[in-house]
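S.K.: I am attaching a structure below and will ask some questions about it afterwards.
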């Protein structure tokens with residue numbers, strides 16, 4: 001989104017100047033005004049854009065669908081045009097995006113899951129690879145649902161500031177429900193492995209969601225990543241070790 005891009009500098013002063021010059025806008029229009037989205041303001045220096053291009057920067061409404069109303073009102077934004085909302089519907093529409101971001105690593109995660117799940121006292125078992133592999137996959141799926149679905153939907157009601165912790169809690173809850181319902185054949189080490197793995201996935205997914213919310217700043221996102229990524233990686237590694245070790249406990 002524009003706000004995230006402005007914070008990271010990809011929608012910034014230099015890029016706006018570059019695109020205005022590349023498009024040769026001055027040859028297309030007969031005015032010297034450039035309407036930018038309001039949430040792009042953190043990354044754009046209006047006076048530098050005017051100095052470099054001759055175009056005066058006007059900050060339009062937050063939402064693109066309100067641009068025509070903004071123009072019809074003489075380029076005057078109403079309070080509603082300046083108000084940032086993040087309703088249930090606005091959060092829900094982002095869920096497919098969050099899930100799609102997690103699909104990329106699956107091409108190597110799924111084979112790894114089934115290879116590790118086949119390890120056991122008999123060295124490697126195809127039957128165990130499928131039965132235990134499916135259980136591990138479902139545990140990670142529970143974590144994905146917790147972090148990429150439950151967190152966006154329940155965001156205003158989840159306690160705490162760090163999205164990583166919100167995700168870990170939702171992921172652990174989702175996996176725990178799955179264990180209560182279907183985890184009978186698993187021993188305690190395998191159950192612990194699923195809780196750790198699901199929580200790590202959910203924590204990462206929820207942390208990744210910060211860039212699409214109006215609640216955080218680039219600085220706070222970077223701080224949260226530095227703080228929690230090592231724990232997420234550690235939990236994921238311990239989960240895999242516990243999962244392999246669980247096969248040797250009858």
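Cβ from N, Cα, C; glycine included.
Where the annotation comes from TrEMBL, it is an automatic prediction and has not been curated.
These figures come from a predicted structure and were not determined experimentally.
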S.K.: Given 61-84, 133-156, which one carries TrEMBL's transmembrane segment label?
M.R.: 133-156
S.K.: Would you mind telling me which of 108-127, 208-227 TrEMBL tags as transmembrane segment?
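M.R.: TrEMBL lists transmembrane segment for residues 108-127.
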S.K.: In TrEMBL, which of 30-51, 228-249 is tagged transmembrane segment?
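M.R.: Based on what TrEMBL states, transmembrane segment spans 228-249.
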S.K.: Take the transmembrane segment (163-182) and find every residue of the same chain, 6 or more past its ends, with a Cβ under 8 Å from one of its Cβ atoms.
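M.R.: Hits for the transmembrane segment (163-182): 138-139, 142-143, 145-147, 150-151, 154-155, 191, 194-195, 198-207, 209-210, 216, 224, 227-228, 231-232.
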